[in-house]
Structures are given as structure tokens and as C-alpha cells.
Ligand SMILES: *Cc1c(COP(=O)(O)O)cnc(C)c1O
């Protein structure tokens, strides 16, 4: 009863010639980012590549294979289904499921596919142990300790009892205890330091009770880049793998390059007379004759409609303004500066064309969100094209 994760079409570069729009992913860049991050870590610190949400839109399987070759040791996904997709693609590295698993069916799938679950509470640990008793097998597990995120996990003040409880339950092999920062990308480190302090207090308690410590981890991309004091036994890195910085103050730490670009084709070029309005709701009206181009990409592909009249697109290495409401499948550009533009030419919506770059952060800033959401927003309708 395992459903397969809907995966976007995967195309070769030549097949992309016939596409209206696509996501282009440079695997060499992705591998370079992995190596840069590894270089930042002590030899004993392992790299857990976070490839939830289909590898932040990059394609989880291709990202996993590339990251493994470049030195990733572990993978983290959000759901058991995402883990199953990796196993079915032949990935054998350990996979941690970060999200909560509660149903009996899902526990069975986790066992069957050799995934490693997160346990958030003693009650959940008990359910797992009972189920494993019935199945007649053991399972490696990871405990989530809540130090201030107030999402999944057991409070750090009860971490000792949680660990002791799990240790005495049959069929559970405690592999790691971890926590998650709420503000690691904030230039003000005070709350991150408080969470870290709480994590250290929990660890100190285990030590006082002579509990053999499991593996420990707390760092996401931002904490990994911020300071090696957060690295512990492994780091859980998502955004930085894909070449984006969680915050601009972390840019100087290591050189990273975005692996993803968004490209779409010009489908029509024409001149419209003065006083014409462009697109739904007439939110753009021209006061002179205007050379416009239609591009075959829209909000159903992941271009936020909120970028209407605000975004720019790269054409022949120069920025041109987008005009009128972004529609479901198409958007329009003012191409006055490129009078001989032809249908079939490729527009770069995110990425580099010549000397200029439009980063995902630019969309995030303009739509008042974060680059994580922009990356995860590219829909299945856009085929993924991989460059080596
Ligand atoms: C998503 C996630 C990460 C990765 O976060 P980035 O900021 O993308 O590096 C790490 N840990 C947990 C628990 C997560 O949910």
C-alpha cells in the first residue's frame, strides 16, 4: 500500500529543447557544495544531507546520488515515503526520517525499507517497541529533544527520563539524540546560544547518570556555517547543499554556488499600441507602443503571483522587467530593449545569464518569504534537467 512519490519528469539537455520551461540542476555545483561543507567539518563529524521535499526541489534521488559521491554520510527526509523513494532508487546510506511516524502501517514500512525514525515522546517509543515486538525485529531510533523550537520532541528538562525510558524498552536501538534551532540564521545569536546551553545541560545529565551517550546533533545549515561548536557527531545540512546561504552574514564562511536555475522559453513577441493593458485585472497599462514577449511559465510552475510587476528576467544577459499579472501558465515581459528578440529564445528567471545573476533570494525578498520556500515551490510540471 506504498504509494510512489510523484516525481517530475527527468529530461536530457536535448529533450529540454522542446520544453516551454524547466528546472536546470548542475550536479557538479551540487557536488562542489558538498565538498565545501565537508571541508568545514572535523574528520569525525559526519554530514547528513537533508533532502526532504524532493531535495528542496532539486530531485531527491539525483541529489542523494551526487551528495553520496561527494562525501555525504547520511540522509534526512521529512516523511517515510520520501525515504522509500530513495531506497527504491537503490540508495543504501542510512536515512533518518525527521517527521513524526504514528500509524502501524508506517512503522511497518519504516522497518521494511530500513529507515530510521525520529521518536518524539515516550508514548511513541512505547508504540514502536510494542509493534517491533509483534514484528519480531529491532530498529535504530533517534530521539528529538525540544530545546526551544516547540515543534516535535520531548522537552530538554525531561530528556534524561526520555533516554532512560527508551534504553530499557526492547527492540529499540538508540542511535542519536538531536535538537533543532529556531533562530540559527539570525545574526543575533542569543536564542541559539540558549538552546545550545539547554542541549548541553541534557547531555551533562546523561553523563552524570553514566548513560553511554548516543550520537548527538543540533546544527542545520546556518549553525553549521556559524561555528564548529555546533557540529557534534553530525550536522544536518539542507539549504547550503543547494548552494544558498541561510543569511547574508554567513556568506564569507565558505564559497557556495546555487545548483538550480529556472529557465523558460519566449513563446511570442509582439508590439502592443499605447494605452493597452497587459494581463488579468489590467494591472499594467502602457503609455506608448510597447514591444512585449510572452514566456511559457506561470504560477502553476512555481513563479509566485505576488511577483507581478516586480520581477525581472534575464534575456541575452540583460535584465528586462516583467509586466502585468503573472498568470497560471504564462507571464509577459517588456522587451523594448531587445527589439529583435525571437520566439524560442530562453529566458532565465532564476540563475545566471552572461554577467548578471538573479538569485532565489531576490524572489524571496520581493515576496516577503525565505529562499527555502522559493526552492520548494517549483512544481512537478517543470521537468528537471541535470547537467554534469
Ligand atoms: C529541514 C531541517 C534541517 C535542514 O535545515 P537547513 O536550514 O535547510 O539546513 C535540519 N534539521 C531539521 C530537523 C530540519 O527539519
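Cβ coordinates come from backbone N, Cα and C, glycine included.
What you are looking at is a predicted structure, and each value in this text was computed from that prediction instead of being measured.
Copied over from TrEMBL, here are the features:
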MOD_RES   52  N6-(pyridoxal phosphate)lysine
ACT_SITE  52  active site, proton acceptor
BINDING   151, 328  substrate binding site
DOMAIN    259-387  domain 'Alanine racemase C-terminal'
ACT_SITE  280  active site, proton acceptor
>> Within 10 Å of its Cβ, which one of these recorded positions (52, 151) has the largest number of other Cβ atoms?
In response: 52
>> Limited to the domain 'Alanine racemase C-terminal' (259-387), I'd like the whole-number average of pLDDT.
In response: 97
>> Quick check on the domain 'Alanine racemase C-terminal' (259-387): DSSP residue counts for helix, strand, coil, in that order please.
In response: 22 helix, 52 strand, 55 coil
> Just how many other Cβ atoms lie inside 10 Å of the Cβ on residue 280 (active site, proton acceptor)?
Replying inline: 13
> Which number gives the other C-beta atoms within 10 angstroms of the C-beta of residue 328 (substrate binding site), all protein chains shown included?
Replying inline: 12
> What does DSSP call residue 151 (substrate binding site) in the simple three-state scheme?
Replying inline: coil
> What is the separation, in Å, between the Cα atoms of residue 151 (substrate binding site) and the residue listed as 'N6-(pyridoxal phosphate)lysine'?
Replying inline: 17
>> I need the CA-to-CA distance for residue 280 (active site, proton acceptor) versus residue 328 (substrate binding site), whole Å please.
In response: 11
> Which three-state DSSP class does residue 52 (N6-(pyridoxal phosphate)lysine) fall into?
Replying inline: helix
> C-alpha of residue 52 (N6-(pyridoxal phosphate)lysine) to C-alpha of residue 328 (substrate binding site): distance in Å?
Replying inline: 26
